[in-house]
Amino acid sequence: MSDSKSTSAPKAHAESLFIVVNGADDRDAGIYSDNFYSRGMTKLRSSIRRRMLPWVRSETKELAELQARWRTPFLDNYFTLTAFAGHPLFFVCILPIMFWYGHSVFARGFVNVACVGVFVTSWVKDYLCLPRPLSPPLVRLSRSKRVHLEYGFPSTHTSNATSIALYLLSYLLISDWSVLAKAASILGLCVYLFSVIFGRLYCGMHTKTDIIGGTVIGILVWAAQWSFHDAIDSLMTTPSWTVVSAVILGGIVLIQSIPDTMDSCPCIDDGVTTMAVLMGVFPASQHFALSKYSVSAGGHDGIVHFDTAIGLPRSILRFVFGLVVIFTWRMAAKKLLYILLPPLYNYFNLPSRDHFVPAKTYGNLRSQPIGRVPSVLDLSALADSSIEIVGTQSTMDIHEQFSQSRSSKISSLHHQQVEDIEKKEHFGLRPGHITKSRQEQQQQDGVVSEKAGVSPALETLDHPLDLELDESERQAMEQFEAEHPGWARFDVDIVIKTVVYAGIGWLAVDSIPIMFEYIGLGTLYLR
């Protein structure tokens, strides 16, 4: 999913310094103690998170029961495989194909829906820092080895599946297909939606709250794109420096606006990647529409011409050649930027985000590997039978266990206090100067309602219970960190992703279709 690098056990080389730097470790996202988030977030951000956290946690038992009722080896494999169909960057892989085979108008709308949805869900995830359901009692089913590092709310898979299904349905309903073909296609979309959305619950990766959040975002993104489909497509193909400047500068501002996370969460990677794709697709679409290689149809410009008359072999070669160009660009650009950017960051002392290794701590990244190709879809994972993940997978799991233990014990203390007050009242022993109603007393002491979770007064680190748990938690964390090396992400990675994926957007829409005409894979001569 991301281009971040894993590190092996400590060695004598300089790279071994990147195991755990500035908190960039392998912890489950969103499950530090509540105090940690309260101190590090703004009041509004912390307040929203506090109100939503009990909803997320309360669903864990129900999801565990769902797994106990429904789990079979076949369904395990089915839902972990179909999860790839909702992966945000899966669409980045298939989007170029739509352009190369003559569906440019459809593809431009598709890329808007997919990329905007991913960016919004990634932004919200980083803002709220809400955890995934805890394992145990859940068994997490995934073919991705890094999914536990991401926050849970909202579900990006659900948002993608919802917006894409609605976008496809919208096109389907205005098509001239037969009633039978439309009915079969709608059934297929329903199966797709069910497989991705219910699969997130079945696999123990999301709660119903996460699913609802993703669904709402997906519907809003689709509604915005479909309501202004023609106007947006015109903006993408009508030459305008104003539009291009607004998209590029706006994209940079939006990437910078992604909140700093409290944990080392890779959600920002998806947000940067998809926004960068849009920053490349918009100017590329305008440039291609101006070229002699573009065709117009149905009132739309900037369409890549394709004709099946070129035959199946050359049609397949278009696909192969296009992917080779994209992957070559990705490898070459990333390698070059790994060489050029660190000295610049160092010289100008540019700031870095939390959980990213700053340039001043390393010399250069010449020897840094650039990841597998394709990095988006690890094909080896499809054949991996080790999809069942249960138990403590990271120190973030340890944090959540201690956090829930803390909440449970504080709740017990609160109930004990209430019982003591009731006994004193019953025997008339309550002092006269505190004869306020119990409700007023609770408000004065900061006892929260059922939705709020725990008492602010009891939740401070000065409370003996917190001190006891924090020390045990720290020891468990240190032991886990010593046994499990972490992931290193560098401050230059955000700029690199922006450049690389904006380039992919440009290549897919403009450069590669033009190359087709020069290497014998074009179809313009058939017009």
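Even glycines carry a Cβ here, placed using N, Cα and C.
The feature domain 'Phosphatidic acid phosphatase type 2/haloperoxidase' is assigned by TrEMBL to 107-226.
Per TrEMBL, transmembrane segment is recorded for 78-103 (among others).
Sequence-remote contacts of a segment are chain residues at least 6 beyond its ends whose Cβ falls under 8 Å from one of its Cβ atoms, and for the transmembrane segment (109-130) they are 29-30, 37, 41, 45, 48-49, 52-53, 56, 88, 91-92, 95, 98, 150-156, 159-160, 163-164, 167, 210, 213-214, 217-218, 221-222, 224-226, 229, 232-233, 254, 257-263, 265, 267-268, 270-271, 273-275, 277-278, 281, 505. What TrEMBL records for 109-130 (among others) is transmembrane segment.
TrEMBL lists 180-199 (among others) with the feature transmembrane segment. Taking Cβ pairs closer than 8 Å, the transmembrane segment (180-199) reaches residues 78-80, 82-83, 85-86, 155, 157-158, 160-162, 165, 168-169, 172-173, 211, 215 in its own chain, all 6 or more past its ends.
Taken from TrEMBL, the feature transmembrane segment covers 211-228 (among others).
If you look up TrEMBL, you'll see 240-259 (among others) marked as transmembrane segment. A Cβ distance under 8 Å defines the sequence-distant neighbours of the transmembrane segment (240-259), meaning residues of its chain 6+ beyond its ends; these are 45, 119, 122-123, 126-127, 268, 271-272, 275-276, 278-279, 282-283, 286, 494, 498.
According to TrEMBL, the transmembrane segment annotation covers 271-290 (among others). Counting same-chain residues at least six beyond the ends of the transmembrane segment (271-290), those with a Cβ under 8 angstroms from any Cβ of the stretch are 88-89, 92, 95, 104, 108, 111-112, 114-116, 118-119, 122-123, 126, 235-240, 243-244, 247-248, 251-252, 254-255, 258, 301-302, 304, 494, 497-511, 513-514.
Positions annotated as transmembrane segment by TrEMBL: 310-329 (among others).
Within the model, the domain 'Phosphatidic acid phosphatase type 2/haloperoxidase' (107-226) shows a mean pLDDT value of 91, rounded to a whole number.
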